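S.K.: Handing you a structure now.
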């Protein structure tokens, strides 16, 4: 495990906005710098200074305050040939030759840690001296005057403007998750190689361009409104997207920042990016086989054993190898589902942690992991919170955590009492890491009925009638890998977990799993129309046309498949080429 230099992300102090007089004075220091309107050096000077620093020193100083997955940033930096020095004190910031701040988590928590550790003042000093700086995601937002997230909360005040939440009132899905296009302004060299290709975003809050901050804006992105995708002035840069999760395109941004003079001038590869793309996700169901080896398997209606005399676990490859291949093939995300781990001791599942660590070394797209993430007490009576379990997976390389059964129980309690306890795994993790880091996996089974009045749960008219001619169905949610039905429908569960803090829904269908006959479009439409967060369609894909169908007939933001990719029946690139041919925007 890599230590978090500024303390644990799940300490109580990181859950409230800064309020001390010292934090106020440190933030005001940045405002005074901004008010003085010190002149930053020109982009031309940027190239000279950065190149000189690179020539004498291959060390990158990383400001990691311990709230989320920065392993991929570390891996990307090392992949590009640089060493890393972690910030331990404010003096480490002031002594850096180049500084990267991969901010993750909540705005208030980050400012609280920066202020209490004396980092805010040092960071302001470093930036206002026009020294090489790259902020990522929250590392961009903190440069602004304040944020509305759990606030208002005062930021560093270097750039004029307020960070606000995306407006979902007009049907916009929030968080903004996925691969979107940039509109790049003239000048910022670190964006020179993007060439109209998609980059990866995952956030609920954004800053808007204005007359007061336009001299900082280097690119914008459209999602409801045109928001600020990157800023740059002199040697100071920050991006709202995640370059370490944007594949080869993102690595060029990091390379440009770290070593701007090491490039041979060439025309960048042009892409077709114009808006938010539909995502194609590769899912790897991981479990130990009967010999104890960790393998990728695939179920047939959740049964992962071969129908042979030996009845062995179906083995479709090694997790790390397959994930690496899917990254090369163009998967927009890779999802790991540990289908047998965690049952007695989640933190003892070291092989799965190693899978994440090894995968994140060479896979620079988002990684999701799920399987038994919950509160538990070990055999010695020691209690572990779901937040501690999730934190270990974030530190090991996960970008998002998928919660299944535990979210069902939390939703049932919420619907019964009408009260958010704040104690469920869903609420704990989304509060600290942000709802964009939490996926809820829903595993329903189709239950045919003759009339919507037959059940208390929301039903829908089905495209294909049931065995007795039933024209309607409701979808009963299950737990424990589909083995136990619960008295709650998929519609009710989806609405409840959105209220509790889920940022995304992974929508499976037991009836369609492994059948290759297409996604359950009736189910996907029911849920994607009901919530304002992104929905991932899963279960049933058998050909490229099935992806087109689910995107054309529903509001799904992404589609996930497993078996057809593992068995090489349908290549990921073939899916994307077909979608593109049908006029559906994808990342190529």
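The backbone N, Cα and C atoms fix where each Cβ goes, and this holds for glycine too.
Those TrEMBL annotations? Automatic predictions, nothing curated.
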S.K.: Between 1-25, 26-50, which stretch does TrEMBL give the note region 'Disordered'?
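M.R.: Feature region 'Disordered' in TrEMBL: residues 1-25.
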S.K.: Rounded to a whole angstrom, what is the C-alpha distance between residue 242 (active site, for GATase activity) and residue 443 (active site)?
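M.R.: One finds 30 Å between the Cα atoms of these residues.
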S.K.: Rounded to the nearest Å, what's the C-alpha distance separating residue 137 (active site, for GATase activity) and residue 508 (substrate binding site)? Just drop the number here, would you?
M.R.: 30
S.K.: Please compare the active-site residues 244, 285, 443 by how many other CB atoms fall within 10 Å of each one's CB, and tell me which has the fewest.
M.R.: 285
S.K.: How long is the line from the C-alpha of residue 285 (active site) to the C-alpha of residue 372 (substrate binding site), rounded to the nearest angstrom?
M.R.: 13
S.K.: I'm trying to understand the geometry here, so how far is the Cα atom of residue 508 (substrate binding site) from the Cα atom of residue 443 (active site), in Å to the nearest whole number?
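M.R.: That comes out at 5 Å between the alpha carbons.
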S.K.: Taking the Cβ of residue 242 (active site, for GATase activity) as centre, how many other Cβ atoms lie within 10 Å?
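M.R.: Other Cβ atoms within 10 Å of residue 242 (active site, for GATase activity): 26.
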